[in-house]
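S.K.: Here it is: the structure, laid out below.
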Amino acid sequence: MEENQTSLKQDVAGKKWMGLLPQALAVVVVTSLHLVIGQIIAYSGILIPQMLQEQNVTAANAIPITESDSAWIASAPVFAGLAASVLAGVLIDYLGRLKTIMLSGVSGVIGLLLIAVASNMSMIISGRIMMGITLMLIGNPTAVYISEISRPDVRGSFLIFVQVFMSIGMVLTYLKGWVIHWRTIAWLTNVYLVVPIIIIFFIPESPAWLVSKHKIKEAKKSLNWFYRYNTDCAKLVEEELISLENEQLQKLTEKKFNWKELFEMFVLPTFYKPFFILAAIFFFQQFSGTFAIIYNCVIFFKEIGTNIDPYLASIYISGIKVIMSFVTTVLMKKFNRRTLLVISAGSMALCMGVSGLNTYWIQHGTSTHTWIPLGCLLLYIAFSAMGITSVPFMIAVEMFPLKIRGVAYGLIITLMNLFTFAILQCYFPLYHLLGGSANLQYFFAVMSVAVMIIIYVFLPETHKKRLIDIENYFWKHTIFITSRTDRT
């Protein structure tokens, strides 16, 4: 009897996961393009040192490069992304999720070709700008597509693929940069871009988008594809189609968008309090070095005093990010947001401070422990991934009222991108202004302490809180540690 029950449970579980197979396949195909995003982010980290080396040895095809050029190579994709995010938002609704992703192939191939055949710095920066557009044309519609085609109970797990593929893309970039010329890497990246886009032709568009465009037959066909391995496929398709049509009807009957009401909500504490808290968190997130180090990874490791090959150290860093993609998902389910953020920021400050101190000792000949800066930096990246570089994006969705959530989230992410652009532009000037790598690490440590204090003092807990309770908190409170309600 027990054996029959066990067999029945296993059979049910097997059918359940088999039913998810089409969704999982579609998710893997679209998220595999995040290999390209990982390479866009990491590429400046190997391109700049290789170009500097060519310039130093006066190679035949060397392109002259200055520190200003280096800053633009790193920051150009972020700069382009500010405008491209708006473009992507329009195209997602007008063309559809998958066609917008396919368009990334056009901008991506153009950008990679410009870099691969570049004869001057303008071509390289233009190529990086095109890659910034590609980043947004991949990232924004992919997130929307996954949220619309995946079952609610596995949506979070599917979204992990975004971080995993992006981190793997970074690992591949540093591995290739270790042994391959930067022009060859640009040519090879076309493979990671073109192959998934070809496969996308064979997977269906989001049923939700098709219904919104009154393409009911196509929506039904799409749903049949996603539910084809479910035993009750026909029933599920009809139920989901009715649900999507009802959602679309509700949207059409809702009150039209009113700019006056929107601006009136912007002066309420439920907007400006969370907005300023998040703005401060994102500012110090960027100026604590989390992204600046990744974009300038090889150069950063050359300066900190470790005797390990900087390309190999960069591979370790990106490998840590792959592992932490999985670890962070587990931690977010078990721990409060504030706890993760405070531990993350405090540990980042400690690691960066110890690394800076050891860099100073190594540079002055009072220490030979060159492994310590590398160890500290690996821990710094791990602790940043478990909180500061991941959790703020989640709480940014949770902290704003529903009516302005979309607009407010867009504004805060735009501001975050401006901060990213600023730190990438300021990286080399800061390095010289502060007097070298040791002091730059102290600066990043101080910024980490600053964000820890802001989080501890002002940020309310949002984990397992109702959205209405979070909204009510901001009506009554500003400083979290002095409030008596909603404390966890």
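Cβ coordinates are placed from backbone N, Cα and C, and glycine is handled just like the others.
Feature table excerpt (TrEMBL):
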DOMAIN    24-463  domain 'Major facilitator superfamily (MFS) profile'
TRANSMEM  24-52  transmembrane segment
TRANSMEM  72-94  transmembrane segment
TRANSMEM  101-119  transmembrane segment
TRANSMEM  125-146  transmembrane segment
TRANSMEM  158-179  transmembrane segment
TRANSMEM  191-211  transmembrane segment
TRANSMEM  275-301  transmembrane segment
TRANSMEM  313-332  transmembrane segment
TRANSMEM  339-360  transmembrane segment
TRANSMEM  372-395  transmembrane segment
TRANSMEM  407-430  transmembrane segment
TRANSMEM  442-459  transmembrane segment
S.K.: Sequence gap of 6 or more, Cβ distance under 8 Å, 3 or more pairs: do the transmembrane segment (275-301) and the transmembrane segment (191-211) meet that?
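M.R.: Stretch pair does not touch.
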S.K.: For the transmembrane segment (339-360), could you work out the same-chain residues 6 or more beyond its ends whose Cβ comes under 8 Å from its Cβ atoms?
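M.R.: Distal contacts: 288-290, 303-305, 331-332, 367, 369, 372-373, 376-377, 379-380, 383-384, 386-388, 391-392, 437-442, 444-446, 448-449, 451-452, 455-456, 459.
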S.K.: The domain 'Major facilitator superfamily (MFS) profile' (24-463): mean pLDDT?
M.R.: 89
S.K.: When only pairs 6 or more apart in sequence are counted, do the transmembrane segment (72-94) and the transmembrane segment (407-430) reach 3 or more Cβ pairs under 8 Å?
M.R.: yes
S.K.: Output the single range from 24-52, 101-119, 125-146, 191-211, 407-430 maximising the number of Cβ pairs under 8 Å to the transmembrane segment (158-179).
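M.R.: By the under-8 Å Cβ criterion, the transmembrane segment (158-179) pairs most with 24-52.
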S.K.: Taking contact to mean three or more C-beta pairs under 8 angstroms, with sequence separation of 6 or more, is the transmembrane segment (101-119) in contact with the transmembrane segment (407-430)?
M.R.: no
S.K.: With Cβ-Cβ distances below 8 Å as the criterion, list the same-chain residues six or more beyond the ends of the transmembrane segment (125-146) that contact it, or say none.
M.R.: 26-27, 30-31, 33-34, 36-37, 40, 43-44, 69, 72-73, 76-81, 84-85, 87-89, 91-92, 97-98, 100-101, 103-104, 107-108, 110-115, 118, 155, 158-159, 162, 186, 193, 206
